[in-house]
Structure formats: C-alpha cells, structure tokens
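Asks: First, the structure itself, so that you have it in front of you.
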Amino acid sequence: MGSWYINRTFFFDVHPPLGKMLIGLSGYLTGYDGKFAFDKPGDKYENTSYIGMRLFCTTLGATIVPMSFVSVEELTYSITAASFSSLLIIFDVGLITLNQYILLDPLLLCFMIGSFMGAVKVSSKRIQEFSVQWWVWLTFTGTMLSCCISVKFVGLFVVLLVGLMTVADLWNILGDLSKPVTHTLKNILARGLCLIVLPMVLYIIFFYIHLRVLNRSGNGDGFYSSAFQSQLIGNSLHNASMPYQVAYGAVVTMKNHRTGGGYLHSHFHLYPEGVGARQQQITTYTHKDDNNKWIIKKYNSETTDDVEIIRNGDLVRLEHLSTKRNLHSHKEPAPITKKHYQVTGYGENGTGDANDVWRITTIGAKDGTELTAVTSKLRLIHYLQSCILTTSGKQLPKWGYEQQEVSCNPNLRDPNGVWNVEENFFEKLPNVSFEVYAPSFLERFIESHAVMIQGNAGLKPKEGEITSRPWQWPINYRGQFFSGSHHRIYLLGNPLIWWGNLIFILLFVIVFTVNAIKLQRGYIKSFTGRHCFF
C-alpha cells in the first residue's frame, strides 16, 4: 500500500489512510521506488530500499517506551513505577515482533500511548491551566487522537478513554468552589476546540491528501460508485466519452448501487450439484473484467435496425457478451439466501425462454423516460416471477470463486436491488463527456467511509486459515500467524508480562474492594490525601 501511494495508484482498504501514507512517505524519502510487490513474508528484497520503512515503523514503535515512562511517572510520582512499566514493554516479545516489520500496528500503538500521555499531562496538577505548556499538551493530545483514529478505526476506543478522562476532569473542576462557573465553561470550550474540532479537521485533511495523491486507477476501483471512479486517471470512466442514452443493442456493464457493490458478472462455470438448477453462475464481481459485459436486447427480437432508446417500463433481455447466455431466473432457491430465487445464465447463442424477460424500472422517473448511463438508477423486475434482481453482498464458497451472490428477491422494495449502467458502448450514438457528474470532495469522503465500514463488517477468516479469537489474546493462549510459503512469523506475548498484567489487574480489584469495605465500616476515614494516593 505504501508502494501504491508512491505510484499514486488507488486501492481499497478497510482502514483510514494515515498509517499507509506515512509508510509510503518514509519509503519515498529513503529511496524506495514503489516497485517491489511485497507479496508474502520471505520474498527476497534484492536491491529494494526497504530499510527506511522498517526504521520508521521501529522508531515510532520504540517511542512507546519513553511515553509510557512519562505517563506512569505523572500518574504515580514514582521513578521506580515508571521504570518498571517501561521494562515490561521493553521485554515484551509481542511488541518486538510487531515493531520490526512494516506494519500499521507500531504507528497505531505510538499514537495510542501518545494520546494517553497527553491526556495525563493535561490532567496533571503540576501544569497550570491555560498556561502555554498546558495548551501545548492539549493540542498534542488532540493531534495524537486524530492520528490514532486515522490509522485504524480501533483508535475510537482511545478516543473514548480520553473522553472519559476529560469528563472526570471537568466534573472535578466544576466541584472546585474556589473558582467561578465561568472557569469550568472556559475549560469546556478549550477542550472542545482541541479534543473535538482539531481532530476532526486533521482527520478530514488526511483524507483530502489521500484522495488527491491516489488519482490513478487501481484494483480497488470497483468497490466505489461510477461517479467516484470517473475521477481516477486510467479508469474507463475518467474523462469518459460515451453515449448518454442507452439503446437496444448496446454493450453495457451494470454496477450495483449498494455501498461496495460489484458489477453484474457471469462466467462459463455452472452452479454445482445440489445448488438449484445446474446452469451458468451469475455473481457480482468488484473488479473490472470482460465478463461484466452484457448486450441489452428487446425481449422478443434479436436485432434492431434503427437506433431505439430504452425507456422506463420496457421489457428487455440481457445477453452475456462472452457466453451468449441470457440473464434468467426461476423458482429455485438462491445458493445462500434461500428465500430468494436463483439467478442463472440460460440458453444458447441468445436463445432462451420466457424466464429471460425483465422489466426496466427507473427510480423517480415517469413511464417512457429514456434510460441514461451512469445517472439513471434502475431496477430489473423479473416479468414472470415478479421478483427484483439483487445482491445480498454474501460471499459465495470456492465454487463461486468467492464472488458475491446474485439472487431475485420477491420483495420488490429490496434496497440492494438498485443498479446503474456504467460503461455504455454503442457506435450509432454520439459520445458525450461525463465530467459534469464528477462528485465533490465531501461526496467522495462520505462514500469512502461507507465502503470502509461495509468492508470492516464483511471481514472473516478465509477457509483453512489459522486464526485466534479475541478472548485468547489477553490470556496469551494463541497468537497471530503472518504466513508465507516457507516463512512463518508468530506473534505471541511474553507470558511473564502478559499473565503478570492480568494478576496486577486482579490484585488491584481485590485491594480496592477491601479498602472500599474498610471505608464503609469506618476503619478508614476517607479516600483522600495520602491513602488515596497510594
């Protein structure tokens, strides 16, 4: 991904862009040309200048130690406690494993502990409120929070932690009767400015840079809308010049309108035994491919002599360009979503049956309105079964090449049953430019997030992949594999440190509970002063 930033090639990822941008920048500044594939662990680097990126990740990972020292010293006023905390981190093999490779995690951990250290400093009794030092630490905290969430969305948990610390501080300030209420209001305003407004502005700036730098078409284009793709140099829609209206006989690609939706796709492979009728597979595919191309024909005729524009309400057939089979549905259950009907490729050389007929319905348009490329949002309603062509977004098994399921839903209000014509090839109509439909930065910003969130929600282990569950990580039961063909990297924490941490947390809960009972019974007068400190 760092290579793609250097080459300015657009890609899809489930995480925000800052970490990958910084890794790309570190590589660029240290002589890396962005040409190495980084396919798997164990590949020979030959003359690739990768050291700069490793040093960058390792350096940021190493800052966790001094920042932890500062944080603990500020909390405890104890050099011993701070030193002990730092040693626990220095000798943790889990962090050593993470920090020596070109990964997002060292950056994420650096910004996480930076956010925490900043929040601790802002809360410190040693620093006077509204002094220059206090403002510097407050701004530092906001910047670290923005960087943290801009590397991975899991940074939201640190935002929550700092938010709770801030609320506790403000509550204590409100309870200080020696100062007026206006003092509390000034604190709320200062923290709102530095911990909410500043991180939001920085986050948007990071995305603006991301979208400006990645301006060339790449393998992630298909996850985004047709309008979004029109801004990528090298994409078939960039400075697109093609017919505005869609006519009978045109060769088109159909893109699903759901976030991250793919192209209507088919190939020569059939559905396996036991999965509905053993006819040709129909899927959605998120990458551009010749198997995404379809010819739109009249439902009762093969050829059209004159140029005839397709209109809202027309009955049509869609013939797959490569295999010459028609888009077809019948009352067999879909492969995964059993309440839907199966969609297949059927017929020979464009000749099928009545189950190949679909009605085009354009959203928000009157009957007879002309169908247009890119801009028209349309539904395909099966003429006989009265169901809507849709995609569930569910991944098919290996027999379907892990592409997404296409089905026909009897519920005609299915929100995922909306499509648009993306590419439109027809020599008899004049071409027009589609630059006028280019989305604004805000529209691209919002769409990027919708695609990322959906991508995150769809993450799941691949078949046969060695995985571990989140509950197994804190107890160090099973670690993480980074696997290549002959090289395996195993990430596992130092058991003395990880199990020791769990024991410390348990001990704290016991000590706190015992002291709370003593306080309630009158053995301790209050949780203030020296006792509270310890």
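Glycine residues also receive a Cβ, built from the backbone N, Cα and C atoms like all the rest.
Where the annotation comes from TrEMBL, it is an automatic prediction and has not been curated.
Reproduced below are the annotations present in TrEMBL:
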DOMAIN    243-299  domain 'MIR'
DOMAIN    307-363  domain 'MIR'
DOMAIN    368-424  domain 'MIR'
TRANSMEM  50-69  transmembrane segment
TRANSMEM  75-95  transmembrane segment
TRANSMEM  102-122  transmembrane segment
TRANSMEM  134-167  transmembrane segment
TRANSMEM  188-209  transmembrane segment
TRANSMEM  496-517  transmembrane segment
Asks: Which listed stretch (75-95, 102-122, 188-209) has the most C-beta pairs under 8 A with the transmembrane segment (50-69)?
Replies: 102-122
Asks: Restricting to the same chain and to residues at least six past its boundaries, which positions have a Cβ under 8 Å from a Cβ of the transmembrane segment (188-209)?
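Replies: Those are 16-18, 21, 130, 135, 138-139, 141-143, 145-147, 149-150, 159, 162-163, 166, 170, 441, 445, 448, in sequence order.
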Asks: Apart from its near flanks, which chain residues at least 6 from the ends of the transmembrane segment (496-517) lie with a Cβ under 8 angstroms of it?
Replies: 88, 91-92, 94, 474-476, 524, 527
Asks: Using a Cβ cut-off under 8 Å, which residues of the same chain at least 6 positions beyond either end of the transmembrane segment (75-95) come close to it?
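Replies: Same-chain contacts beyond the flanks: 61, 64-66, 68-69, 109, 120, 479, 491-494, 497-498, 500-501.
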